[in-house]
Amino acid sequence: MAAVRVEAVLAAAEEEEAEKRRSITVEKELELEYDLGNLLAVDRNPPPAAALRGAGPRREALLRALARDNTQLLVSRLWELPAERAGGAGGPLVAQLPEPTFRLPREKPAPKPRPPTRWEQFARLKGIRRKKKTSLVWDEQAKEWRRRWGYKRAGGDPSRAWLAEVPAGADPEEDQFARLRREKRERVARNELNRLRNLARAHRAGSAVPAAPLHPTGHQDRDELRRVARVARVSTASLGRFQPRLPKEPAEPPSRSGGKKRRFQPLLGNLAAERSRQLELLRDMGSKKPVLDITRAVNKQLRAEEAEAAAANKGKKQSKRGKRGRRQQRPGRSGKKSGARRQPQQQKPAGGGTGG
Amino acid sequence: LICCYRKPKTKRAKRFLEKREPKLNENTKNAMLIKGGNANLTVTEVLKDIYAVKKPFAVLYKRKNITRPFEDQTSLEFFSKKSDCSLFLFGSHNKKRPNNLIIGRMFDYHVLDMIELGVEKFVALKDIKNSKCPEGTKPMLIFAGDMFDVNEEYRRLKSLLIDFFRGPTVPNIRLAGLEYVLHFTAVDGKIYMRSYKVLLKKSGCKIPRIELEEMGPSLDLVMRRTHLASDDLYKLSLKQPKGLKPKKKKNISHDALGTTYGRIHMQKQDLSKLQTRKMKGLKKRPAEKSAQDGGATPKKSKSA
């Protein structure tokens, strides 16, 4: 008796639940696709085309019913999201939306990281890092904390400086104020020039110009112009063989290998040139000065070593390691010097062999 | 390039430029609503209503601009650059194409997609007399009809409409504030756009029952010409930078049933020093202990 009652009670409860849920359940053939991050729902069911063809209020009612069903489904999904009460117990119920999944095109292309400037390259090579500077400096004269630069800076207003000392080795008649102003102008101009050069370098590197503008723009440097002139010369039907040269332009023979392989002079060519070349060679061999510039070679080697050390110690304690690394290189330095000195001595007997 | 040479001299100018430069997470797209040389009343009303829906992420130009977007896109691109808008809606009217709307979007200030739609029937905001939802409400978007998946042009149109009406991307949303829904139905070569105000009624359980009230602009559209971007340009525009991908946590995997598995790497354990449960029966008796020590009792070692 009791068991039957329990079953009846449970069945009744279930029916009540179903009754309640009936108001919010919607029957659909195909499930909708949801993108809750965009509050988007896509219904793939084909709408009743025949019913919607007739114009007028019937169509509106049908559309409205369809919209109501779809909106009910979307809102049910949104209500199932994890929600909390914002701003304490009495605040509104706020749901956390997931990330939008529907892929939409961007407005602008993704930003490219700009190439490092000349100073940044040098700093990376040497292992120099930025020193954090305080924004306020103690000004003794004003007896308060002032900014390092800008409005009301610590050193006092530079335009109202009434004293400019003549430095030790300078001309007593020179106008010091004018000199200070001129130097500031020069510094500003140099700064601006370097900034523009860095920009141009970044722009050139970024755009990877294989086809440089073949008309002169007035802002190109010598190497680029030379490159462009060469390209223009070679772009004729006969590959630049019959192009007239300017009076001072050097005559370049067309090198099929691009100047990579050794080219030997013809055997019985210019006798005078051959004689002068041989005499020069003998003169160089006989002189006491080494052909190889040792200091330059050593500096080049040191720079390469420093760059290697800096690159290897990236990520670790850079500044300390840099100093220690440089200190460790000292015993190696003298070794490199002796190695450099050995080279010209090696070349001499070889040169003597070919000359003799 | 002039923007690169000239450095901004004021903080305001710097902020202005920073807003427009390409970023990892982009700003909400702005739309510009432009009238053509011969825009009639219907088209003007449509533009005004769409402006009301899209405020504040839209710009409505008052004057008429004599251009033809399908022939020459430079004028549109110029406007886009000046006002930093990447979506546009251009309205015009002539005998061959009455009540014409061109909806489009830009990528890097160049036209990406453009679709021409004809307005067959239009019911304005002011024609329906009831209370409207507040300005700037994020609308819910619903697309009905299998045409939006089958046809390539309709698919692009769907993407365009989502882009247009989406609004800002928000992490949280107030559930009671879901008041506005835009419903697009594609049937019989026509697209019906209807806007409803959502009323949340009490139902027996937690999820409310929805009742809709026709509110805003409703349009009957028919697709005319299209100018879609080539596949590779479209793919390029879809490309997301690497920084946006969420960082994957290693050693964590998920099951199909929803269980999360983790992998913990332990160091080598000294099993002799492992503390297990104390069982009195296994305790070492003093006789066994002395046998292990090799006969040396602790007392003796202390005295020594």
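Heads up, the Cβ atoms here are built off N, Cα and C, so glycines get one too.
Annotated features in TrEMBL:
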type	residues	note
DOMAIN	B:29-232	domain 'Brix'
COMPBIAS	B:242-251	compositional bias 'Basic residues'
REGION	B:242-304	region 'Disordered'
COMPBIAS	B:275-284	compositional bias 'Basic residues'
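Restricting the average to the domain 'Brix' (B:29-232) gives a pLDDT of 91. Here the compositional bias 'Basic residues' (B:242-251) has long-range neighbours at 24-25, 262-265, meaning same-chain residues at least 6 beyond its ends whose C-beta is under 8 angstroms from one of its own. Mapped onto DSSP classes, the compositional bias 'Basic residues' (B:275-284) shows 3 helix, 0 strand, 7 coil. As a summary of secondary structure, the compositional bias 'Basic residues' (B:242-251) carries 3 helix, 0 strand, 7 coil according to DSSP.
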